[in-house]
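The following features are taken from TrEMBL:
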- 38-58: transmembrane segment (TRANSMEM)
- 99-118: transmembrane segment (TRANSMEM)
- 139-172: transmembrane segment (TRANSMEM)
- 178-199: transmembrane segment (TRANSMEM)
- 211-235: transmembrane segment (TRANSMEM)
- 255-275: transmembrane segment (TRANSMEM)
- 314-338: transmembrane segment (TRANSMEM)
- 358-379: transmembrane segment (TRANSMEM)
- 412-433: transmembrane segment (TRANSMEM)
- 445-473: transmembrane segment (TRANSMEM)
- 480-497: transmembrane segment (TRANSMEM)
- 525-543: transmembrane segment (TRANSMEM)
Amino acid sequence: MTTTVEHATARAPYSSARASHLTGTWHLIRLALRRDRIVLPIWLLVLALAPAGTVGAYEQLYPTQVEREALTASMGNNPSIALLYGPAFDLSTAGGFTAWRFGTLLPLFLALVCVFTMTRHTRQEEDTGRQELLSSTVLGRYAALTASVVVCSVFGLATGLLTAGALIGAGLSATGSLALGLGFASVTWVFTAVAAITAQLAEYSRTANGIASAVLGVTFAFRALGDAATDVSWLSWLSPIGWSTQLRPFADERFWVLLIPLAVTVALLAVAYALQPRRDIGMGLLPTSLGPSGAAPSLRTPFALALRLHRGVFIGWLTGFAVMAVLFGGMAAGIGDLVGTSEQARQVFERMGGSDAIVEAFLAAMANSFGMVATLYAVQAALRMRAEESAVRVEPLLATGVGRLRWMGGHLVFVLLGSALLLAGAGLGMGLAHGLRVGDVGGQVSAVLVACIAQLPAVWLVAGVAVAVFGAVPKLTNTVWAVAAVFLLISMFGPALDLDQAVLDVSPFQHIPKLPGEELTVAPLAWLSAVAIAFIGAGMVAFRRRDIG
């Protein structure tokens with residue numbers, strides 16, 4: 001009797017300690033949801049409802065069974081298309097087409113949302129010192145990590161279920177819809193776990209995001225190569241996005257594949273939880289070397305400091321742009337295989353590209369796509385100013401005599417010039433690849449380069465919105481991502497969905513001349529540039545007048 005009591009007493013503190021590791025988790029979940037109450041619902045609705053919008057469009061584009069079978073045959077034998085969109089299992093139904101159209105690209109957005117959200121509520125909280133302040137209260141060791149995992153996991157599940165529900169409402173089968181939705185959710189779970197690990201490894205949030213994004217890029221490349229080359233098809237099974245497509249929604253679904261991402265997620269989370277107690281708050285497990293006590297002459301100006309902060313991210317973006325540009329340029333000459341005999345599909349490309357020539361329409365559409373992606377870089381670079389301010393690294397700089405506008409100008413160089421260089425690289429790569437295939441390098445490089453550079457006013461306008469929000473209401477800077485997402489999704493899917501012109505005009509990219517193919521008109525470029533300058537100017541004035549912090 002006495003022995004039993006003694007053993008129970010000895011075990012009580014251990015049991016209590018384990019329970020205390022999660023103390024405060026629910027409060028942190030509520031805090032995270034409150035902070036992301038605008039951004040996450042917008043991403044949820046936009047990404048989850050986008051696939052359902054293509055159901056009706058598919059029936060308009062390919063009204064006959066002959067056209068649908070021809071589409072499946074041409075896409076199933078096209079490695080270039082498989083590289084981007086994945087395997088075309090069955091495009092003879094609206095469900096199969098929807099799964100193929102969104103099966104690889106939409107999970108990319110979902111994974112990035114979860115990576116950035118996970119890092120924001122873990123590593124970034126430590127960067128700013130808020131986590132240390134919270135940890136001084138009654139807060140368990142694993143509370144912050146668990147709260148972030150729960151928020152991201154529930155977001156992924158909600159997106160998947162809403163996607164499935166919307167597709168069922170559009171008339172598609174429940175089994176295929178659920179397979180597609182759960183496939184999307186499984187990708188978010190895996191990369192939530194990846195970000196949970198990188199938050200333990202890296203000392204700074206941008207490094208954690210960079211490592212997790214690199215993992216996403218590598219796994220996407222595995223999926224692309226595995227789908228495009230039959231002799232290395234096994235590479236697709238090394239990618240979470242590949243697992244999602246291998247569920248085969250609307251094409252003899254294989255739900256057992258879900259066991260793979262679930263097992264990987266659990267294993268990765270176990271690693272993250274094992275790493276958490278091995279480091280101090282604010283520190284990372286990867287060793288970081290201390291710099292010299294004094295800055296080199298090349299780092300003693302605001303521009304030089306901005307260069308140091310932006311160069312790694314910019315090089316990564318530029319590399320990605322170059323690779324995709326060469327890929328799209330190589331695809332352009334054979335784009336006729338994509339539309340097949342469908343006159344409706346040809347008309348969609350013409351609405352997107354603004355030309356009766358299908359190749360020129362494709363090049364114009366791709367130039368527009370590069371412009372939209374460059375917008376993401378521009379917004380990210382602009383919001384870096386807010387990250388520096390939140391980390392209390394701006395005020396000490398300004399105390400040295402550096403003017404606010406001078407500091408801001410260093411970052412704006414990379415917002416404006418950086419996006420211009422990305423588009424120039426895309427134009428050169430795509431024009432060169434296409435020119436080599438058709439035997440007209442000089443003519444195609446110049447035409448495609450102009451088409452890509454013409455996207456700049458729209459890119460700068462969205463970046464200007466980010467600068468204005470940072471200058472006037474810095475606490476709302478994350479909402480800029482939602483604004484950018486709306487613009488991009490309207491431009492990406494609006495023409496295919498045959499949206500009303502008034503809705504299409506909301507996106508600045510719809511006002512850009514469709515080059516090559518259309519005449520270069522200066523008026524829309526001029527007024528878009530003027531609006532961008534106005535936004536940037538307003539942001540600079542507001543930043544100069546407001547308090548730091």
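Every residue gets a Cβ built from N, Cα and C, even glycine.
Note that the coordinates shown come from a computational prediction; the quantities given were computed from them, not determined experimentally.
Sequence-distant contacts of the transmembrane segment (99-118) (same chain, at least 6 residues past either end, Cβ-Cβ under 8 Å): 36, 40, 43, 47, 50-51, 54, 75, 84-89, 91, 148-149, 151-152, 155-156, 159, 176, 180, 183-184, 187-188, 190-192, 194-196, 199, 209, 212-213, 216, 220, 223-224, 240-241, 244-245, 249-251. Tertiary neighbourhood of the transmembrane segment (525-543): same-chain residues 404-405, 408, 412, 454, 457-458, 460-461, 463-465, 467-472, 508, 511-513, selected by CB-CB distance under 8 Å and a gap of 6+ residues from either end. Distant neighbours of the transmembrane segment (255-275): 142, 145, 149, 179, 182-183, 186-187, 189-190, 192-194, 196-197, 199-201, 240, 243-244, 246-247, 285; these residues of the same chain sit at least 6 beyond its ends, with a Cβ under 8 Å from one of its Cβ atoms.
Relative to the transmembrane segment (480-497), the listed stretch 38-58 leads the set 38-58, 139-172, 178-199, 358-379, 412-433 in CB pairs under 8 A. Contact between the transmembrane segment (358-379) and the transmembrane segment (211-235) is not supported: fewer than 3 Cβ pairs lie under 8 Å, counting only residues 6 or more apart in sequence. Beyond its flanks by at least six residues, the transmembrane segment (139-172) meets 20-26, 28-29, 31-33, 36, 40, 43-45, 47-49, 51-52, 55-56, 94-95, 98, 110, 113-114, 117-118, 121-122, 125, 131, 178, 180-189, 192-193, 195-196, 199, 250, 269, 272-273, 276-277 of its own chain at Cβ-Cβ distances under 8 Å. With a threshold of 8 Å between CB atoms, the same-chain residues lying at least 6 positions outside the transmembrane segment (445-473) that come near it are 329, 363-364, 367-368, 370-372, 374-375, 378-379, 381-383, 385-386, 412, 415-416, 419-420, 423-424, 426-428, 430-432, 434-435, 479-480, 483-484, 487, 507-509, 511-513, 515-516, 520, 524-526, 528-529, 531-536, 538-543, 546.
For the transmembrane segment (314-338), the residues of the chain that approach it from at least six positions outside its boundaries are 74-75, 78, 80-81, 83-84, 210, 213-214, 217, 345, 349, 358-359, 362-363, 366, 370, 373-374, 377, 381, 414, 418, 421-423, 425-435, 437-438, 448, judged by C-beta separation under 8 angstroms.
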